[in-house]
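**Student:** So TrEMBL lists the following for this protein:
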COMPBIAS  79-91  compositional bias 'Basic and acidic residues'
COMPBIAS  172-186  compositional bias 'Low complexity'
REGION    61-113  region 'Disordered'
REGION    167-212  region 'Disordered'
REGION    311-376  region 'VHIID'
REGION    386-418  region 'Leucine repeat II (LRII)'
REGION    522-603  region 'SAW'
MOTIF     342-346  motif 'VHIID'
Amino acid sequence: MENRNGEPGLQSLFINGGDHLLQQQLPLRPLGRSISLDNINSNNNKTGGCSLKQSIKLPPLATTRGNADGFSWNNDNNNNREKKSLKRLAEDKEDESCLSRVKRQRGETGDEHNMGFWFDHFTPASLPFSLTCSGDNDEKLISTQPLPGHPHWVNSVITELAGLGDKDIESNRPASGSSTSASAESHSLRHRVPEPTNGSRHPYTQHGGSAERRTIENINNNNHRNDTQRDLELVNLLTGCLEAIRTRNIAAINHFIARTGELASPRGTTPMTRLIAYYTEALALRVARMWPHIFHITPPRDFEDESANALRFLNQVTPIPKFINYTANSMLLRAFEGKERVHIIDFDIKQGLQWPSFFQSLASRPNPPRHVRITGVGESKHELNETGDRLHGFAEAMHLQFQFHPVVDRLEDVRLWMLHVKEGEAVAVNCVSQMHKTLYDGTGAAVRDFVGLVRSTNPVAVVIAEQEAEHNSVQLETRVFSSLKYYSAVFDVMHKRLGADSLMRVKIEEVLFGREIRNIVACEGSHRQERHVGFGQWRRMLEQLGFRSLGVSEREVLQSKMLLRMYGDGDEEFFNVERSDEDGGGVTLRWLDQPLYTVSAWSVGGSS
């Protein structure tokens, strides 16, 4: 874009957005209420969680495999169930990648709190829930001791991951001057040991300092080893639980969920401890749906009312929403160059936080458009009306002639006539974290219908932002390990930015990412909406449906990198922006070795 003097300029950095990251999840059907997934209570803020102080009741003889009834998901083909053992999956080292990232983070930061267990006085024999036979006199059936039929290969996961050693641990990086970064450093995974000096700043005396310092170092090393061993055990337990579900071993399922519930917590001191808590909750929900006559669980509460605050928090503490909105806006501005009447169709507008900076960039052009229209799609009429009012205020402040058109409907029910496309308009489609919701239909009809709707608007550009992940396998085990790798990176980001004691971090992880994990793991059929696939699959799919990539300019890549430097708060070395492939079809944001999101622009084949 150009400034009013006709010189190239950067897009304005008046960025507020972030609502695209939350995916709507259909509620699970009502279940029994014997297991309670307790909420996390705080003085001023209620946040749901997975404390798993539960009571599961079993009918007589339910611990035997022969009494487990068959189960089939709607709209899924059980004949495609994977037959190979999870030992093969463990050897694929998906979990190794997660834990090596945790080790790298620990090598860079310190930890002032190492006892973040759910229970103040934890003992190995304690149970997060009791397993009993249904009847007048409940009889406890399962303890947390290893089961006689415990698969020998499960233990190999810890052996293999423990072999990573400290060779992957990076050195501590200098602390940033940012307050956000300082907060993250003060609540990180290990104690940071100060270097002894001869000045008055060091508290140790010349004679006793060395001994005290060695004592602290020993404590820190023990804390680090304890955290690592706990994380390894949690991955081991998760793997064992998946194997028990695959083999339909009810007693083993209860054992693994019980033990995992003891060790994992949404308020744990390490990212992996917190992450596994949400997987434990998701697996508990799944088995309760598979065997409703055996497992009874209280469904987690709905966080829809809290999603707006969680998204704003995420936008405040990480550059992820800013990267997506800013990059998408850059591509839209390129497509609207020289257009007098522009129309944006936003298929998930929510609070419309992406658009104030876009208005500012349009208004700063030498020849801004004479008319701007946004069609916002959403399921809440009240929210859409509020969004329209806010955008009218922003547009008026920028001296833009603006019109907002709300469409209250679900994504799959939107039709062309609802969008009010008019002649003489340059139409662009903004589709942030929505395309993957159309992949629930194995025949591909849903995605073809949606792409056909987009094509019928005759857009000059279609901007798509999606998670760079593979969470759409029909095999549960593959989905779990792939998503565990992805979300371990996301939880690393949250831990580094906010630390272990932040209630804001708990809210973001629970409301946004915890709900995504539940949907990926616990749901099937049309209820499983979080079906993320990578840019390579989207590219093949869109090209087959008649779209072509608009590519990414070098300026857009440089501007995205500049954004990270501005909002990285000392974490720029961990974030990275790069082209998605050799042809530069999209821009991808990475955290260390894990890609997080890709933004790309498309046009209908043959159009300019």
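Quick reminder: no glycine exception, Cβ is built from N, Cα and C everywhere.
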**Student:** What residues elsewhere in the chain lie close to the region 'Leucine repeat II (LRII)' (386-418), defined as a C-beta under 8 angstroms and at least 6 residues from its ends?
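**Tutor:** Distant contacts of the region 'Leucine repeat II (LRII)' (386-418): 347-352, 355-356, 359-360, 362-363, 368-380, 434, 437-438, 446, 449-450, 453, 456-457.
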**Student:** Please give the average pLDDT for the region 'VHIID' (311-376) in this predicted model.
**Tutor:** 94
**Student:** Could you give me three numbers for the region 'Leucine repeat II (LRII)' (386-418), the DSSP helix, strand and coil residue counts?
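**Tutor:** Computed counts for the region 'Leucine repeat II (LRII)' (386-418) are 18 helix, 7 strand, 8 coil.
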**Student:** Is it possible to list how many residues within the motif 'VHIID' (342-346) are helical, extended or coil according to DSSP?
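**Tutor:** Looking at the motif 'VHIID' (342-346) with DSSP, the answer is 0 helix, 5 strand, 0 coil.
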